[in-house]
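Notes for the one structure printed next.
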């Protein structure tokens with residue numbers, strides 16, 4: 001192709017040269033094209049081609065150069081990215097950056113699924129082997145062409161592999177977990193640099209959080225509620241970070257579902273240790289920040305100051321309370337002293353007044369005795385010294401003074417009359433006082449006992465008494481129990497029927513009360529033996545084969561003697577009936593008590609055996625002992641036991 005000798009220069013508008021936005025108008029709305037500039041090698045080549053000013057060879061060389069430039073730009077480099085935790089692809093085992101292959105190095109784990117798909121389509125069009133076929137023509141030898149072809153195919157396969165990994169959520173999470181990351185946590189920092197040091201650390205580690213978005217560290221003016229929420233979030237931090245192990249199993253190689261589950265369990269065991277270390281690292285970061293957070297430290301100081309203030313206030317309140325108690329005690333002591341002092345003064349004053357009254361009383365009594373002496377010496381109107389002394393002892397000071405004033409300057413007879421009149425008036429006054437006292441006492445008795453009654457003669461008031469309920473006998477209780485069983489609940493007029501069944505005139509109220517008290521009362525265990533003795537039928541007395549005739553007769557003799565004595569007593573000797581049996585027995589030469597206290601050898605042996613059988617702790621011991629000893633009561637057994645104990649002690653002391 002011939003080359004044109006004259007090349008026409010391209011010119012651009014002033015807006016494009018100065019970089020200003022270009023507005024293109026048509027039959028639609030204006031479109032602002034500020035992101036696209038008509039510049040670059042491709043633009044010039046297209047412009048020259050349209051003008052027919054470009055050679056074909058030059059176009060091929062330029063296309064080859066452009067392809068080489070694109071290949072150099074997008075090929076992964078070991079210098080641009082660290083090889084820590086990167087997956088290996090291909091037989092050569094070279095490390096590759098999936099995000100760099102798709103042109104997402106600036107986004108990395110922040111890239112969305114749509115961005116990954118779009119970048120993959122662009123990279124697939126750019127690096128498809130058919131698009132780069134012109135690069136094979138530039139090679140001279142077949143070996144070079146084959147090597148170039150393999151390189152292009154491997155690069156395209158790497159792009160496909162990158163897309164497969166990044167588009168799968170599980171594989172992408174594993175890849176992002178092994179992506180380059182700074183695991184260092186800050187430990188020391190100046191108080192003023194806290195937010196500059198720990199803020200980026202929390203934002204950097206927040207990428208592993210399951211919950212998004214994560215709360216920010218904030219600044220010094222952040223409310224304490226937000227600060228508490230921030231630390232609560234990080235103390236309960238949940239991470240999605242995976243920790244693949246070099247020796248872990250590939251789940252895609254599993255032969256069955258059970259085999260895959262077994263591989264998952266083995267992989268979980270391998271990654272468990274790394275997961276624990278990761279949570280320990282996050283916890284250390286949060287602890288370091290919590291210890292050095294100026295907001296937390298300020299709140300701790302405020303809480304500590306508040307506690308100290310409350311403690312001091314409590315101490316001050318206690319001191320004030322003690323001072324107030326001491327002041328009150330002192331005032332109480334002073335008040336008591338003043339009261340005691342006033343009481344002592346009042347008592348002394350009362351004592352003085354009383355002494356003065358006594359002196360005046362003695363003076364008036366002496367005056368009365370002096371004025372009544374002539375009448376007493378002459379025995380006028382049967383006046384005696386007892387009458388005068390009675391007046392002296394019963395009348396008060398004013399009465400004695402008025403009486404003496406009346407008797408003053410009077411004759412002996414008139415004085416005797418005045419004393420007689422005063423004596424009669426004094427007796428009437430005393431009787432009136434006694435009557436008033438009796439009436440008052442009767443009124444008080446009637447008020448305290450409203451149900452009081454008067455005796456039949458109507459002259460003497462008897463003390464009132466409350467109507468006592470008639471006690472229930474055992475027969476009535478037994479009939480009540482049988483009646484409640486015979487007429488159960490639901491019986492028409494049940495309690496009236498039970499009252500008629502008992503037949504003792506008990507009212508319905510008494511029966512209801514007895515049902516709630518007497519029937520529900522548990523039997524006393526201590527009286528069980530007594531009830532047994534009462535219910536037991538009297539046994540027929542059979543003489544023991546070991547007892548003698550005299551012993552049997554001696555036991556039964558007192559009853560015969562008593563019967564004989566009762567028969568021989570006459571009606572005229574009714575006042576001596578109670579003592580006649582004793583007299584008759586005494587006349588025979590033997591007292592009844594001595595006959596009852598006679599113990600045979602069989603009875604003594606029975607008593608000793610019963611005492612051994614029923615020890616001290618046995619309930620109703622003496623009743624059981626008396627039952628075991630024939631012909632003896634409880635008191636007789638106790639007396640015999642006391643006598644045996646005395647004999648034993650005396651024999652022991654003598655030995």
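Cβ from N, Cα, C; glycine included.
Looking at 392-429, 430-467, the range tied to region 'Disordered' in TrEMBL is 430-467. Ranges compared are 489-542, 543-596, and TrEMBL records region 'Disordered' for 543-596. TrEMBL assigns the feature region 'Disordered' to one of the listed ranges (58-93, 94-129), namely 58-93.
Using DSSP to sort the residues of the domain 'Myb-like' (464-519) gives these counts of helix, strand and coil: 32 helix, 0 strand, 24 coil. Across the domain 'SANT' (594-649), DSSP classifies residues as 40 helix, 0 strand, 16 coil. Taking H, G and I as helix, E and B as strand and the rest as coil, DSSP gives the compositional bias 'Basic residues' (307-317) the counts 11 helix, 0 strand, 0 coil. Here the compositional bias 'Basic and acidic residues' (319-344) is broken down by DSSP into helix, strand and coil counts: 26 helix, 0 strand, 0 coil. Across the domain 'J' (97-179), DSSP helix (H, G, I), strand (E, B) and coil residues number 61 helix, 0 strand, 22 coil.
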